[in-house]
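Going by TrEMBL, these are the annotated features:
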type: TRANSMEM; residues: B:7-32; note: transmembrane segment
type: TRANSMEM; residues: B:38-57; note: transmembrane segment
type: TRANSMEM; residues: B:64-89; note: transmembrane segment
type: TRANSMEM; residues: B:95-116; note: transmembrane segment
type: TRANSMEM; residues: B:145-170; note: transmembrane segment
type: TRANSMEM; residues: B:201-223; note: transmembrane segment
type: TRANSMEM; residues: B:235-262; note: transmembrane segment
type: TRANSMEM; residues: B:274-294; note: transmembrane segment
Amino acid sequence: MNDRLRAVSGQIIAVAVALLMGAIIILMVGESPVRVFMTLLRGAFGDQAKIAGTLLQTTPILICGVAACVGLRGGMFNVGIEGQLFLGGFAAAWVGFAFPLPAGIHMLAALALAIVAGAAWVAIPAYFRARYNTNEVVSTILSNYVAVLLTSYFTIFLFKRPGGWSETPPILPTAYLPGIFDFSRLNGGLVIGLVLAIGAALVFRYTSWGYGVTMVGSAPKFAEYGGVNVKRQGFLVLLLSGAVGGLAGGVETLGVHHRFMEGFAPGFGFDGLIAALLANGSPVATIFTALFFGALRNGSLLLEVDTGASREIITVIQALIILSVSAQVLVRRRGDSQAGERRWKF
Amino acid sequence: MEILDKLVNVALIAATLRTTAPILLVALGGSFTTKAGIFNIGLEGQMLAGAFFAVLGSIWTGSALLGVACGVAAALAFALVFAVLVVSFRANEVVVGLALNILAGGMTISLMKAIFGTRGSIVGQGIVGLPKVQLPGARDLLGSWASLISGFTPMVYVAFIAVPLLVLFYNRTRLGLYIRVVGEKPEAAEALGISITRVRYTASLLCGLLAGLAGAHLSLGYITMFTENMSSGRGFMAVAILIFSNGDPLKVLAGCLLFGFADAFSLRLQTFGYPSYLVLTVPYVVALTALFALSYRARPRIIMETLASMQKLLSVDKNPGPDGKHPS
């Protein structure tokens, strides 16, 4: 418990250091840090609708974060969540507008295809990573660019809504994710995200498969001697991570936009990865870090209205948080990680 | 055939050289870190920062050269942060690199909004681009082929001249040797009394230098403007090249020419009316295919090396050692 307490306090101190550095950058940009942070806070939690908006932004970050956690646990950097999100989103929208099905089944079918699309998109990088040890970071990053362009092509050249600009026809209401409040677009996706996060945590904690995955990630040699098929496990981990990434896209189109639009979810995949890193790969902790980043994101919308700062200032703050967490400047014990191989763990 | 003639001609080769230059510069920069044993995914961010600050410097000083210097300085700052975190604090290279990329993206957009009050791109505003270098006598000597060696911006020449220089650097200089030793056998370097920390810092900074030049070429070379995320994955393609070339300058050149060609060819296809979204995927698909194909090909080599080392072990076993005793 003491260890966990120290880990959490280390993370919090790192976030504080990052916020301090962020304040300096905000000063450089010519704004008042206090005003910017207060605006962020007001934009994120100011009233009922704002809180619902924050939760709405949290949903895709949380699901993408779980996807990243699954990968990180198994020692895999799935940086391609962004691409899986786009393909999953498009796949779900396609089922949603092209195949009229009864309510309920329609939604499930759309989500299922989103999952399949996400997994399929990561399958090739995963295969080469498992079989030939091809660096998965580079291959998944590069496939992001292809995924975004490909979905844009589908949307604009093949399935454009007549009269629309760069969006598909609207999804039939039978495929909508049910809403939670009537004053916000917040929907069942948040529930899916929470269930996924807790489910993933339980799988990692209580099943032998989850234990095997964790061992492959933290001590591959040990796992191999213990009888785990490391290559197969690595492949499955990336596939599963991609599947969850695809689901995130499906949830976003079925729950929020009700159509697929070009650039419908910019940066959620990366935010999810950052949330998972800040949570140190723990799915339950990712719930809180995703909420934090969702709040930043929702707050940044007001930032652009009320102050002169651009909303990308929160991207800067997020990057600073990860940098300072990765260094653990203040709480690192000397000699802690001087020896041994580097891992994703901080 | 006529279409092929239109697609492939001297202009295409010249365009290939032009589009190769930025990715070649950044990949050569990455070769320093690759050789020093650091996986540097942060090239993209260094390049982007270089591009932005080159434009900024060029506007402030009114000189393209000082603009380039500003771009290089920004890329060096990113490289220094990378080195401090990765080498001194032993943080995870991938995490730090990705975070720096995200930082570069967010920072350039925020600064653009703060300084110019615009989103999207900086055009005009008094940006001074790099001049084109006309080699004297090229036209008399080569006629219509002159566009292959003359009329490029200076960075193109810098990129291609850097290749043989880097070959010499790795094979003939002390620092080049140190970088290779630190990358291949850090224990040996330590035993020789080489400071691993210092060598890795040097490699990171050299990498930042070239990445900054690459960025400056992007924004002050053939187009004099800055747009959001204008490096558009070139840094990542460079990392892909570095993985399968292992940082050897000549192999890096070969890989970059392939990408430069893919880039130039896709631009050419676009003018023929193919859907731009599909055409734009070409360089990324080429990068992925090359990465996968070459890692597939590397497999027999790994097996052969294992066999060779096993044979060596066996032959040592059979032969008596120099002092006459059997080693086993």
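Every residue, even glycine, has its Cβ placed from backbone N, Cα and C.
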Taking residues 6+ outside the transmembrane segment (B:145-170), which of them lie with a CB under 8 Å of any CB in it?
-> 10-11, 13-14, 17-18, 20-22, 24-25, 28, 31, 35, 129-135, 138-139, 176-177, 179-180, 210, 213-214, 216-217, 220-222, 249-250, 252-253
Counting Cβ pairs under 8 Å that sit 6 or more residues apart, are there three or more between the transmembrane segment (B:235-262) and the transmembrane segment (B:7-32)?
-> yes
Counting only CB pairs under 8 A, let me know which of B:64-89, B:95-116, B:201-223 has the most with the transmembrane segment (B:7-32).
-> B:201-223
In terms of Cβ proximity under 8 Å, which residues at least six beyond the ends of the transmembrane segment (B:64-89) contact it?
-> 38, 40, 42, 45-47, 49-58, 96-97, 100, 104, 127-131, 197, 200-201, 204-205, 207-209, 211-213, 215-216, 219-220
